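Just below is one structure, and these are the notes that go with it.
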Amino acid sequence: MNEEQRLHNSQVNEVKKTEKDYSQYFQSVYVAPSLKDAKQRGKEEIAYHKDFTIHPEFLGMGQGRKFFIRTFGCQMNEHDTEVMAGIFLQLGYTPTQNVQEANVILLNTCAIRENAENKVFGELGHYKKIKRDNPDVLIGVCGCMSQEESVVNKILKTYNQVDMIFGTHNIHRLPHILNEAYLSKEMVIEVWSKEGDVIESLPKVRRGEIKAWVNIMYGCDKFCTYCIVPYTRGKERSRRPEDIIQEIRQLAAQGYKEVTLLGQNVNAYGKDFDDLTYRLGDLMNDLRQIDMPRIRFTTSHPRDFDDHLIEVLSKRGNLVEHIHLPVQSGSSSMLKLMARKYNREQYMELVRKIKAAIPEVALTTDIIVGFPNETDEQFEETMSLYKEVGFEHAYTYIYSPREGTPAAKMEDNVPMAVKKHRLQRLNNLVNELSAKAMHAYDGEIVEVLVEGESKKNSAVLAGYTRTSKLVNFVGTPDIIGKLVLVKITNTKTWSLEGELIEVLSGQEVGVL
Ligand code: SAH
Ligand code: SF4
Ligand code: F3S
């Protein structure tokens, strides 16, 4: 953390303490990111704030104004957008889906690969005209890209239609940042490159009424050599179990049917607690007692996936039989270069244990092809591991160097044509095994959480099985949001079709 930022943070803390002197909030803000600072890991800097409140001064700020947020990237970003929407609503803004009529436009960005960043720059380019036509509109960039120095410098240089840039640690500061942007003629930049805090009681506008996301931890300490996330999201820090349990109880009371627990590496949950020994297995065991029909989690890192968690998951009930377990490569030497901290054998042993405990489990994964030095043989090891595990789906990516990461210093020496060819072969295998997994459902009766009408045909309903398979079947809209039993009559590569058998009352959930 640089001096300016340290000073700024201490001012913020002071304001929090005195609760009366808000004058410092109105000073012009300029705190730019630093990847070097973001890399630091210490213990002392994590602050735990129980209550988030909006200063009364800001409450009418959004009267007569509309906000629009475009979200890129992972579920964590989607969920951050729900929080920002919650803050906007408390400030009196109304949401709009139409960027043309928005008074505030936010881009919640993702930095994971170069093409993710290019999409954002492309979008920003479109906003030049909007700003020209209506100079009063505020345009903001937040999310993971804003944590990168190079991005902030590029925006400063070439995208002067942007009014504010704020980081992933600054979301709760949105009211102050907006206020600054209204007052200031300069671009407002507030990006803390700190390890991060845990802030409770943030408002949220959830996107749906059936499924909800719940953060259980933030940040990542794994520092896989290719990955930018530990720099953009800070240190691994867990929410207290009682706060998570309370949030999920509330969601159950509101009628939600499924919760996905979020974290970049949920298996490290609780490792940072000094005062209690409580890990993901313990949390899942407690969540089993809650009347929430389905609980999932993402993403799990193989490294911290312990036996207790497997044992708890094998009790099933509301804990579903789907585990997303990114492997990245089937070659132990690639895994070593990636600093994944497990090898092929250890990964396979974990898969064996999970399958022994939960034979019907659906395993899905993430894979990177064309990492520096990857040979044809090493890529073949990925192909063979994929088959050996029998993954039911995968997100596959061509390696993309990220500035500031250790891998970016390695020579990106696999030619693009070879990378593309490997990706194509892998995707063919992914499709083949997905179709095979789907085919196994033929004639089976599955539990489906009905989410809405099918995108292609409004007379058809769509929902997901416990193993995250899309199911389409004929039914009436009154069963949307309910759990039903469907008999599968036809299978495709990416979806299942079936006939409605029964609407479940809620008591029988998890019996299949
Ligand atoms: N925390 C998760 C992954 C989050 S990022 C985990 O470790 O399992 C989602 C996926 O993006 C990663 O699993 C990886 O496959 C991919 N990814 C991350 N950085 C990448 C890069 N520099 N180039 C290509 N793919 C990348
Ligand atoms: Fe990135 Fe690795 Fe952390 Fe996943 S575990 S977010 S791939 S550093
Ligand atoms: Fe992207 Fe940040 Fe998520 S880099 S994948 S939005 S944590």
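Here the Cβ of each residue, glycine as well, is placed from N, Cα and C on the backbone.
These come from TrEMBL:
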BINDING   C74, C110, C144  [4Fe-4S] cluster 1 binding site
BINDING   C220, C224, C227  [4Fe-4S] cluster 2 binding site
DOMAIN    65-183  domain 'MTTase N-terminal'
DOMAIN    206-436  domain 'Radical SAM core'
DOMAIN    439-502  domain 'TRAM'
What Cα-Cα separation, expressed in whole Å, is found between C74 ([4Fe-4S] cluster 1 binding site) and C227 ([4Fe-4S] cluster 2 binding site)? 14
Spatial separation of C144 ([4Fe-4S] cluster 1 binding site) from C220 ([4Fe-4S] cluster 2 binding site) - C-alpha basis, Å: 13
Return only the integer: C-alpha distance in Å from C224 ([4Fe-4S] cluster 2 binding site) to C144 ([4Fe-4S] cluster 1 binding site). 17
Given the binding-site residues C74, C110, C144, C220, C227, which one has the fewest other C-beta atoms within 10 angstroms of its C-beta? C74
Where ligand 3 binds, which of the binding-site residues C144, C220, C224, C227 are close by, with Cβ under 6 Å? C144
For C224 ([4Fe-4S] cluster 2 binding site), the number of other Cβ atoms found within 10 Å of its own Cβ: 22
Coarse DSSP state, helix versus strand versus coil, of C224 ([4Fe-4S] cluster 2 binding site): coil
Using the CB centroid of C220, C224, C227 as the [4Fe-4S] cluster 2 site centre, which other residues of the same chain sit with their CB within 8 A? K222, F223, Y226, I228, V229, P230, Q264
